[in-house]
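Peer 1: Below is one structure. I have some questions about it.
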């Protein structure tokens, strides 16, 4: 199959342009993928630094390092930056690199829009971060920006926050449109929908979720803008509005958003497990249907984030059962991964280690989610550190581990060099241990009643908070090692073969390593 | 190429549609609450639609008042609780005083707990159906005339009626006064 790639000497072959303008003007899906990935890495480090401020303050009870107002700004920005700047752009970057190569397309369908959707992102985060230096400080109302905290009581910088969310939303929507148009129209002949690689499937479903809910987020912040500046009363009870309405609209966006951040991870992990188990994935069809059911169910469970607002019993029961139902397709996926590994000839290179950790730790996060879904139990767990532990388990060893696994798995294809396996394994074990040291104790202090979003806490929570902070700093330092490993691989290293991994299947492994600037200018033949 | 443009147009349509859908959620939410009575709102009843058939039984009524945000008025129930019987009319009052030195307009918003009691609580008269305008230093006793129907489920032995008073001086909106009225 490698004969199909490029080298059409009759056509003028052009590589990347030189210098900075290459990156500014590029419409190449690989360049844009790289930009997205580096951008998300930068945001990951900035958001991570904020997490260090938070954990340092919580190292001991009492106020030590920062003012409570600044602490509130840190938790708000940490959440927003990690979600909209870290996880989401990283997945878009992976989609840019991989989707065209996996379906045998020469590039994304709308390359200029692709360039635009990336280059507005740095401005969105510049606006958001600049609010730290404004009078009244940065947004301080939590990443969920509930009204009236984010309207009546918000600092003046809330307007900048609203515009930056608008820009991030526009970027995500353009990215999603691009992915769907590419997948629906540019698959090589022979790649039917049910033959698509699972990462492509996961991104197709994710992109539809983005199309459906990012405009709702834009609507929510637009209503806030109008309440703050134009005298409307969407969320203002004095004018006939309702603050609970804000929560409904926000979580109508927010819950599908949760799956936007995990579905691509499902795709990545499926590829890695089948490669290193050296077996075809067990239950491909059920994997696709499971992702579709999760996506559809995600639209009817939003109120489980707000059980305590005073809903009628019937609504609480409906949202509780609908939420628990999601465990069924998720369980199907976990069992399929485990069955794929069963009796496989497994080797544990770094991507596989991260993928295995994903399966175990994401499942722990899923189980604590089931506990939170139980209405009477949630009345106790609501807004405690148990919730913090839950969503960090699904996002850090869930989404972020899958992104790291993906980087280790595909970086030989991107750079042509193998990463340093020993350092990779070291990075894995440091991350694996420290992530559990950080977040597992938060289950205990949450169940014991420590509320989230406070810079201070009662004495009985001191020990586990100290443990958690130690873990957090170890995790933070481990990611510097990750940066070092990636840079080392970009600069040099053992040359990678075209297939890279013995068990690797799929079109992206048929092109040369590093992948040439243009791949699949003529569609490959697929049986 | 044709296929691409078609997909693109459909997707842009979906994005625009979902943006407007988020605004459509606002009236949908209000309609949903009114139809199902989920938020425990009580609308004005007239003498003719109140049935007092069935057996009456004793019941505890409690009154709670609260001020929204920076509303400076004094606002208290004259009686914190009442022992009543179902199927009979009662009148109670709430005391308000404008403690500021300017004329202000207020609107009280009622709520009932448990919310499934709302259907059986009939208010023939309530200050919450109207706006109140008080001069500086002026005070008033605002009446509520009500009846709890005999059909009230046996599981309910006490009802809490809560009122929140809002400063709506700056909201020059006639509709607000009728906000809690029956749906024509």
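For all residues, glycine too, the Cβ spot is worked out from N, Cα and C.
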Peer 1: Which stretch, out of A:13-33, A:118-138, is listed as transmembrane segment by TrEMBL?
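Peer 2: In TrEMBL, the transmembrane segment feature sits at A:118-138.
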Peer 1: Would you mind telling me which of A:245-269, A:495-519 TrEMBL tags as transmembrane segment?
Peer 2: A:245-269
Peer 1: Under 8 angstroms for C-beta pairs, at least 3 of them, ignoring pairs fewer than 6 apart in sequence. Is the transmembrane segment (A:464-487) in contact with the transmembrane segment (A:35-54) by that rule?
Peer 2: yes
Peer 1: Taking a Cβ cut-off under 8 Å, which residues six or more beyond the ends of the transmembrane segment (A:309-332) line up next to it in the same chain?
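Peer 2: Sequence-distant neighbours of the transmembrane segment (A:309-332): 244, 247, 283, 286-287, 289-291, 293-294, 297-298, 300-303, 366, 369-370, 373-375.
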Peer 1: Over the domain 'Cytochrome oxidase subunit I profile' (A:23-527), what is the model's mean pLDDT?
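Peer 2: Value for the domain 'Cytochrome oxidase subunit I profile' (A:23-527), mean pLDDT as a whole number: 95.
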